[in-house]
Every structure is written in structure tokens, then in C-alpha cells.
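Taking it in order: structure first as C-alpha cells, then the write-up.
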Amino acid sequence: MQLEFLGTGSGQPSKFRNVTSIALRLLDERNAVWLFDVGEATQHQILKTTLRPRKVEKIFISHLHGDHIFGLPGFLSSRSFQGADKNEPLTIYGPKGVKEFVQTALRVSETRLSYPLVFVELTAGVVFDDKTFRVIAAKMKHRIESWGFRVEEKDHPGELLVNKLRAENIPSGPIFGQLKAGKRVSLPDGRILDGHDYVGPAQRGRVVTFILDTRPNDNIELLARHADVLVHESTYGAGEDEAKMARAHAHSTSINAANNARRAQANQLILTHLSARYIGPLLKNLVSDVRHVFPNTIVARDLDVIDVPLKKEVSVSDPHKV
């Protein structure tokens, strides 16, 4: 699992940052990529990476401001040009209006896609759930309807304790599979084995939370609780003047983001959606000003790739679920 930041700026493209789009690379987990927001020129940014548009199976749209959606029609069209077919559908999760926006752009431009396009209008709670991942959405507080997302990887089953089985002279074969599945197995010599005694502890799945355009609100902590990575908008830095601008425009400051990460007990905070003013010394200060609140903080740059590793120490009862 990796995060690739295709755009880390806010409002409009700048010389150093494109507008918002983040790829969650799940190539090992499900041979797929998920995008979170698709700002203008996202597909140009993708050309600078190893990402393949055909691998994108889901797009999550936080809200309908242009710097988060103007890249959608072009990306969808290019995905079609690059050979996506009826067996490679794409699902877009977003607020009311995203379907109308996309369909209008495709209709007016007479663009016909070669693959199925599915729309899911966001509601609070679980918006996607399968055997490997669950996605939870919650409303944010912005100038228009806006959403945050919590991506939960399902826990990984524990490993079969093969050395223990061999030490007890238990023959390999179908029995191993039954024990790994947690079943009780009767051996020819009369022994009865409980699979749970021969499987190591489950490995906790990873959690990544995306908080994009919003002012501070209680749902942020709910979505970010015990997250491995919290990706949080930081349109403005620390300071009273910045705080006033953030309140006026319904955005967050770097201090807001750090406080949210601390309260939620997240592992890492990544700041994104930066105003174009933050370059040079101001950019350095953006991080240094908040590390006393949340030390494990970094600022994303365009095309950064961040690994989200599995934890080595695991617990079946870890209360990280919302």
C-alpha cells in the first residue's frame, strides 16, 4: 500500500504544486488504484508516474469545487482511449451533483466511454465494503457539501505455525489448510486438533484517512482514530492571521491538522492542499510550527510516494475500528 500525491496545492495550479489528487496504490492488495479527488491536469501528473489509468477502479470525490473535480472528464476519457473495456468498470463516489457534472461534460463533448461508469451518492457511514477493504464517509464542514474518508484494510489472517505442527509430527497436506482455516481436525491416532492453536495472531489491517476541504469538526477525529496515516488539508499555516483566513474560507490550518492527529492518536500526519504562498522558508515553518503538537508530521510534495507498511506487532482485539 502506497500513497502517491499527484497534486498538493489549493485553489489553482501553481509553479510548484498542481491542484488536489491523491492516488492510493493497492497493487499488491487488489491490483488496483483508488483516486481521491481529481483536480485539473491530474492526468498530466499521472504521465510522470508509473500509474496506469486502467488500474483505477474507484474515485472518491470530497466535494465539487473545481480544484477537486475539473480533471475528471479528461481522465475518464483518457482511460477509455487507453483501452479500458466492459470488464474494467469504474465507480465514482461523491456528493450529489457529481453524476450530473460528469454526464454533462461527456454529453456536451460527445465522449463515449468504452467501460461502465457507476455513480454512488455519498451518505454517512460505510460506502464500500468487501473482503479486503471498507470505506467510511463522514460529512465535513466547508462552504459546500464536503466529505472525508476512512479507508480500512481488513485484518490479515495469522500465519500457520508450521514448525509447531512438524514438532508434533502432524503430517502436511489438506490438514494444514483445515487448521489454517481454524477448523477442528481429528487425526488417525485419535488426537483432536484445534486450528486456533496452530495459527499466529492476526495482523491488523492498515487505516488511511483523507480529510480534504473543511474547517475543524468532530467527524475528523472519528474518521482518523488510530489511523496509520492521516492525510489532512492545511491550506493555511500557524498564526492568528492564518487562523482568521481559515475560518473565513472554511479551511484548516496546520495547527488544526496537528491537533486532530494528536486527538485521534494517528501514527503519521501528512499535510496537503497548501496555499501557493508556502514556498521556501514559509514551507519549512509550516512543519516546524506544528511538530511540538504532533511530531510525526510531513508536508506532501507533488509526486511524493509514501509507503504505508503493515505493523509488525498485531492484536486481534485492537480497537481501531470506527
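Including glycine, each Cβ sits where the backbone N, Cα and C put it.
Keep in mind it's a predicted model, so treat the numbers as computed, not measured.
Among D129, D130, D197, D213, the residue that Swiss-Prot places alongside D67, H68, H273 at the Zn(2+) 2 binding site is D213.
According to Swiss-Prot, the residue from H142, H292 that belongs to the Zn(2+) 1 site alongside H63, H65, D213 is H142. Cα spacing between H273 (Zn(2+) 2 binding site) and D213 (Zn(2+) 1 binding site): 8 Å, rounded to the nearest whole number. Of the listed recorded positions D67, D213, the Cβ environment within 10 Å is emptiest of other Cβ atoms at D67. For the recorded site, H63 (Zn(2+) 1 binding site), the DSSP three-state label reads coil. The two recorded residues, D67 (active site, proton acceptor) and D213 (Zn(2+) 1 binding site), have Cα atoms 11 Å apart.
In three-state terms derived from DSSP, H68 (Zn(2+) 2 binding site) belongs to a helical segment. In the three-state DSSP reading, H273 (Zn(2+) 2 binding site) counts as coil.
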